[in-house]
Amino acid sequence: MENFPIISLDKVNGVERAATMEMIKDACENWGFFELVNHGIPREVMDTVEKMTKGHYKKCMEQRFKELVASKALEGVQAEVTDMDWESTFFLKHLPISNISEVPDLDEEYREVMRDFAKRLEKLAEELLDLLCENLGLEKGYLKNAFYGSKGPNFGTKVSNYPPCPKPDLIKGLRAHTDAGGIILLFQDDKVSGLQLLKDGQWIDVPPMRHSIVVNLGDQLEVITNGKYKSVMHRVIAQKDGARMSLASFYNPGSDAVIYPAPALVEKEAEENKQVYPKFVFDDYMKLYAGLKFQAKEPRFEAMKAMETDVKMDPIATV
């Protein structure tokens, strides 16, 4: 079995740039996932985020989760649970408008820490998109512009905690799915594992590493690259021992962004008679995804293709 791709991002600025770009290319084409070290976000920032996130769960969310488990009688289930996940979550919006000031129960210091962390993640996401452009032969800024819409991208963080689960064989931490959006940056617990991706028909563990950022590609990048890069099914396995923290930050297209395969890539694919992906408004895709998240992505693409005659093709905004 191949090793999960772990990439030292600082090497794109040195003599190992070509080899590092090739590693990113291979990860995008063959895994849909990779793990970044030396990515530029200071370790002390990540340590503070982790400490405050775990503290917030203990203080404000742990008891609510226990009450939910009791109300659903989840600890006594005898058959596989297919309609809910063993996770405690809340969501922070950063772009186009932040909701961090409005989210209840957050200490002011935690709000400031998360604002700072979000800015660093936004910068990293945009840096990665440009590296993907370079590997794809697209002009710098193409993917950011493709995501832009009229108000800029949507960017937010899903903050999750996965408490110890008494029946991990029957309840998933998070059921298998692909991510609907663009590029996802995950800061996960380095002590408790659980994240797995599907590759060549096998579930593979994503290794927990201290101070790393796990990157995965969403459905929109599969469409824009016309299938050259793929979004990949992944899931979280609940654990009997240990609580797992996960902060997944989604850098997604703006709600009114029109998503379609990059013409330069379609021309290359056309020569090989490969199928062209659909064109659609991102918000329309999200409405469809809401009811089909835990199903295969291909029927979603087919449904959008059936609707695409109604989509106006506007030129990509320039930022």
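Cβ atoms are placed via backbone N, Cα and C, with glycine included.
As written in Swiss-Prot, here are the features:
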- H177, D179, H234: Fe cation binding site (BINDING)
- 153-253: domain 'Fe2OG dioxygenase' (DOMAIN)
Shell list (Fe cation; ref centroid = CB of H177, D179, H234; cutoff 8 A): A176, T178, N216, S231, V232, M233, R235
Number of helical, extended and coil residues in the domain 'Fe2OG dioxygenase' (153-253), per DSSP: 6 helix, 45 strand, 50 coil
Among H177, H234, which are binding-site residues, the residue with the most C-beta atoms within 10 angstroms of its C-beta: H234
Mean of pLDDT values spanning the domain 'Fe2OG dioxygenase' (153-253): 93
Proximal but sequence-remote residues of the same chain as D179 (Fe cation binding site) (Cβ under 8 Å, at least 6 apart): N216, L217, G218, D219, S231, F250
